[in-house]
Amino acid sequence: MVYHWRGDLGSWRLLLLLLLLAAWKVGSGQLHYSVPEEAKHGTFVGRIAQDLGLELAELVPRLFRVASKRHRDLLEVNLQNGILFVNSRIDREELCGRSAECSIHLEVIVDRPLQVFHVDVEVKDVNDNPPVFRVKEQKLFVSESRMPDSRFPLEGASDADVGANSVLTYRLSFHDYFMLDVNSKNDENKLVELVLRKSLDREDAPAHDLFLTATDGGKPELTGTVQLLVTVLDVNDNAPNFEQSEYEVRIFENADNGTTVIKLNASDRDEGANGAISYSFNSLVETMVIDHFSIDRNTGEIVIRGNLDFEQENFYKIRIDATDKGHPPMAGHCTVLVRILDKNDNVPEIALTSLSLPVREDAQFGTVIALISVNDLDSGANGQVTCSLMPHVPFKLVSTFKNYYSLVLDSALDRESVSAYELVVTARDGGSPSLWATASLSVEVADVNDNAPAFAQPEYTVFVKENNPPGCHIFTVSARDADAQENALVSYSLVERRVGERSLSSYVSVHTESGKVYALQPLDHEELELLQFQVSARDAGVPPLGSNVTLQVFVLDENDNAPALLEPRVGGTGGSASELVPRSVGAGHVVAKVRAVDADSGYNAWLSYELQPAASSPRIPFRVGLYTGEISTTRVLDEADSPRHRLLVLVKDHGEPALTATATVLVSLVESGQAPKASSRQSAGVVGPEAALVDVNVYLIIAICAVSSLLVLTLLLYTALRCSALPTEGGCRAGKPTLVCSSAVGSWSYSQQQSQRVCSGEGPPKTDLMAFSPCLPPDLGSVDVGEERDLNVDHGLKPRQPNPDWRYSASLRAGMHSSVHLEEAGILRAGPGGPDQQWPTVSSATPEPEAGEVSPPVGAGVNSNSWTFKYGPGNPKQSGPGELPDKFIIPGSPAIISIRQEPANSQIDKSDFITFGKKEETKKKKKKKKGNKTQEKKEKGNSTTDNSDQ
């Protein structure tokens, strides 16, 4: 049925007022819910959104939330359906205790507009707690003389629940002698009493067991039970009696446990159990009596159970009770006085006071270290104590008063030898037998800065590869100071000096605390081979002490320089040279020679040459020498060969990784008649300087031969004169010249310069003479020539041991087994003005054999036409013109030859040169001496060609 509302304007106003009133009640009213305690998670409480008149869709937009100051985690609202549910366990007893009412107040807040709703959720009690008695059993003692209807109060039970769940009812198990009476003043205060029905007879039933049960009013009911133990007591009317009220006993201290002190006896006129007596200490007796004595309950015998010490307690007063076994029991009393007699049972006591520790190792004699006092609790001779100190220590005891001593310093201290002393002081009394005690005293010796930091060795050798990153760690120095604490705290610093034009601190730095040495900038082997400096170690004592250590840093070479092509034959990388070759030349004809140098040393400067294949002309009738760089024909040229060839020669060193350079050689094949003209035009501006160089080399060879011959004659004459002359006092004798020979692969000849020095008879002078002979076997390192013998060497003599001045590097030893011929080995180092002759690189000229001996092997990049010499790490400068190096390599020989240089102010003989010839050239020169002029011209031409390559 549908009703239609029709009314006037007043009715509409009344309806609107009612709606506003209802909305106000909803907005400011209060909701009430109830939930049982111990409800599970998710238990439904109420549709709070619906009850508040809120739509589910507006709960989230209006920020519907529950705010509660306490217990906000117990209840939660599901914003999807607006249901209030249990979020966690609710324990009413924990929440409200035993309060009759228990509720959780919630504040529900929504925004837009802001509204606050109050919700009370009542927590209903659940009968989840049974009645509980405080004890599991209650004991009652009832005399057999008690009358019927006697009442004995019992302790009731308690229930943590409230309301009907906590209302308790009691019932007693059926019994003939007892019944239960409950007086209920209210539900919370009930008096439970046990009522005696009839008189008890102990002889019939000495004890009774009953069970009291409490039941609450919950659904279902919960119960609790307690056991009642009723003991019937006998009647007793006579107390035990001792013979005397006080006893006195004397006993020595330290008597053995179990020793009888006294045996007591008491009597009781009662009969049976009421006349049986037991002995015990009175309840008021002191604890120390119980600790030292015990009494037998049946016999009354008192014995010792603890050690008796006269010094602690010399008198004990013991109260004894004799109790019969009647009901109720009756007791008699007496007192036992125990006096303790003294014995020598205490060892002396040692006390150390006023310690003055630690003791400085420079303390004066007589310095007081500590005050020592001794004491003995015994009396008489047992308490007289003498004190002594252990022997062989730098201390002694001085008596200052009775039983007081001073420990003083008796001799000098040295902390570095002994840093601490464990002293033993002995105190002995005068008892018989005598007792003694010891005390230990640790005397620490304070350090004084009397030791400087010391390094493990005075000098260290460090090897660092060049091109190191700035700030890299290269070495760590460590100095040890025998002192302690601040005196042993070592700090490190550089001993500043100049390294060339720069300061040492621009190259390296040292960490003050750790001693780590860092390279501040990349080191260059070509610029600096050896960096020698000192590091200072200084302690923090007052005054500070220090020492220095020397570091020799050898910079090892890395392959950081690519081969450089030399002018004028071949330009730099990308350059080219043109050569005209007649077609009539045969196989093996040298067309051109590519020359290159490498600024590195060792294997990094050992160059090899390769001919790059051309894609346009796969059949190239040319090849390049692997180590000489000479481009020669591989066969006879014919008309089928292309008239122009573009040859790409790859120059590569043997470093890791290898660096390369490329030279371009343009070879034009011409007819035989055109070659001389073109060649003359081409070499007009190029061969001229080389021809001049060839002429100079020829003159040098002639000059060296002449000077060498003259020098040999002079030496022979000088030796003959020295042998015939009588020795004069204070004169100088000629030193033993050392004859050093090269191997059979190559030979050197140079002038021999004899140097005489004025001496005063201290010993034979040393000579600067070293001669090289090409005819000795290669394994003969050196031959000692006698002072009165001629310098001519008998080649038939037995080879002697090598001269220790010769040193073989690892690379040279490997090169001794190489099959590479010297004729194919060549390196030409360019000087500032073009190609110039330099000395061979000898990395092994360093003071230490481990200083990076990386010299190439025989034939490995060391060209007889190009020699490069570098001084050892101790002297990085290059040799000037006319100066002889200290050490160099003999081509074809693994030996490193040492030549003494004249002082800087001496005049160098311009006639002293070293000629680097080849094996074939030596043979040709011998033929030249025989008068073969044709062969002489040919040899000159070959020599000119070889020298021009230099």
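Glycine is treated like the rest: Cβ placed from N, Cα and C.
Sequence annotations record features per position, and here Swiss-Prot assigns domain 'Cadherin 1' to 30-133 based on sequence analysis. As annotated by Swiss-Prot, domain 'Cadherin 2' applies to 157-242, with the evidence given as sequence analysis. Positions annotated as domain 'Cadherin 3' by Swiss-Prot, on the basis of sequence analysis: 243-350. Positions annotated as domain 'Cadherin 4' by Swiss-Prot: 351-455. Residues or ranges marked as domain 'Cadherin 5' in Swiss-Prot (evidence: sequence analysis): 456-565. According to Swiss-Prot, the feature domain 'Cadherin 6' maps to 581-678, an assignment based on sequence analysis. The region 'Disordered' annotation in Swiss-Prot covers 831-950. Annotated repeat 'PXXP 3' per Swiss-Prot: 832-835, in sequence order. The repeat 'PXXP 4' annotation in Swiss-Prot covers 873-876. If you look up Swiss-Prot, you'll see 891-894 marked as repeat 'PXXP 5'. Annotation source Swiss-Prot lists topological domain 'Cytoplasmic' at 719-950, citing sequence analysis.
Of the ranges 243-350, 351-455, 456-565, the one with the most Cβ pairs under 8 Å to the domain 'Cadherin 6' (581-678) is 456-565. Taken together, the residues of the domain 'Cadherin 1' (30-133) have an average pLDDT of 84. When the domain 'Cadherin 5' (456-565) is classified with DSSP, helix, strand and coil residues number 7 helix, 54 strand, 49 coil. With DSSP states grouped into helix (H, G, I), strand (E, B) and coil, the domain 'Cadherin 2' (157-242) comes out at 4 helix, 41 strand, 41 coil.
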